[in-house]
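According to Swiss-Prot, the NADP(+) binding site annotation covers 45-48, 166-169, 189-192, Y207, 254-255, 344-345. Feature annotation from Swiss-Prot assigns substrate binding site to I131, S132, F133, M134, T135, T136, G137, L138, G275, P276, Q277, M278, L279; the stated evidence is sequence analysis.
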Amino acid sequence: MVQRQQTALVGTHDGGIRLSSTETIPDIAGDSVLIKTKAVSVNPVDTKMIGPYVTPGAVAGFDFAGVVEMVGPDATKCDIRVGDRVCTAIMGMNPLDPTVGAFAEYTAAVEWILLKIPPSLSFQEGASLGISFMTTGLALFKSLGLPGNPLSPATEKLPVLVYGGSSATGTAAIQLVRLAGFAPITTCSPRNFELVKSYGASAVFDYNDPNCISDIKKHTKNNIRYALDCISTTQSMQFCYQAIGRAGGKYTALEPYSEAVARTRKMVKPDWIMGPQMLGKEIRWPEPHWRPANAEMGEFGVYWTAVLNKLLENDLIRPHAIVVREGGLEKVLDGIEDIRAKKISGKKLVFTL
């Protein structure tokens, strides 16, 4: 490979992000893999990479899809080869690995976190999968600890509450909950009822209906033990806490949760997770998002990526609806602002590179 420098979106000294054409292409060693980026998606987490979360010169971005360009000498366990179409979520804006991020012409990832894109999906669809399915897998099968998994379904069809079912993480969670043998109970606005049902929701409720919680309790016989909060606000946490059955259970959010709400029910165990934890490495972002290295999380990442690859291979999961824009990395900056301004609703924003 002759090219030494690349174009990427990188952190600035004043806590922002800019387009640079003189960035270093990641070095490939050990079990890492170099990927030529073909498409990226913009997520809410990208809007939060500002101020103290920015490392000057670090490449931004999490979700990508592309073609394998080079394979490290120790990347021999996952049958990843030059020319493979792959996607995943990595940790952009990483002070410990600043040359690696999704918003670049080339990026890198360890072999065991890569998802092979099946022939039925485009690069653009592949770029929308990583954060949604990685994060929900961690939430459902590690944090909540659902018995069973999509490849070995549970024998008891327990109800699992997915709050915010029409979001990208929501539709991913609904599919995984159903495949794992559970009954996905979800909430969204009435205009999205048919959408979430198409992804496998067994029952859907209007979260704005004043009788919503009582209707959920009636439908589930007051037996919800597990709740995944894809919206993760104080209000959504209060809703989930009230919907969880009398015996208590587990609640997992995708953002730091309210300690005040957590104290209202001692029989409910709260947790919150971040997708990059699955890499098993230290997350050196400011509190409360700092995490120490955790080998157990890395082991789960290996396991869960293998599960997802099997699900993709057999066409058992499908991506959230996407809206595709052209214009490359320069336009990604506009996309981040559109996500921040909530101009994109009900779809994942994807850019072709």
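Sequential numbering from 1, following the chain as shown.
Here the Cβ of each residue, glycine as well, is placed from N, Cα and C on the backbone.
What you see is a predicted model, and the numbers here were worked out from it, not measured in a lab.
Known features from Swiss-Prot, placed on the structure.
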residue : record                 : Cβ neighbours (10 Å)
V45     : NADP(+) binding site   : 24
K48     : NADP(+) binding site   : 14
I131    : substrate binding site : 27
T135    : substrate binding site : 27
G137    : substrate binding site : 26
A168    : NADP(+) binding site   : 28
P190    : NADP(+) binding site   : 11
Y207    : NADP(+) binding site   : 19
Q277    : substrate binding site : 22
I344    : NADP(+) binding site   : 13
If you run the three-state DSSP split on T135 (substrate binding site), which class comes out?
helix
Near F133 (substrate binding site), which binding-site residues out of V45, K48, A168, P190, Y207 have their CA within 10 Å?
A168
Binding residues I131, S132, F133, M134, T135, T136, G137, L138, G275, P276, Q277, M278, L279 (substrate) - maximum C-alpha distance in whole Å:
15
Can you tell me how many other Cβ atoms are located within 10 Å of the Cβ belonging to L279 (substrate binding site)?
23
Between C-alpha atoms, which of these binding-site residues comes nearest to G137 (substrate binding site): V45, K48, P190, Y207, I344?
V45
By a simple count, how many Cβ atoms lie within 10 Å of the Cβ of G275 (substrate binding site), its own Cβ left out?
26
From I131, T135, G275, Q277, L279: binding-site residues whose CA lies within 10 A of A168 (NADP(+) binding site):
I131
Any idea what the Cα distance is from K48 (NADP(+) binding site) over to G275 (substrate binding site), rounded to a whole Å?
14
Within 10 Å of the Cβ of F133 (substrate binding site), how many other Cβ atoms can you find? Include all protein chains, please.
30
Given I131 (substrate binding site) and V45 (NADP(+) binding site), what distance in Å do their CA atoms have, once rounded to a whole number?
10
Can you tell me which of the binding-site residues T135, G275, Q277, L279 is spatially closest to Y207 (NADP(+) binding site)? Compare CA atoms only.
T135
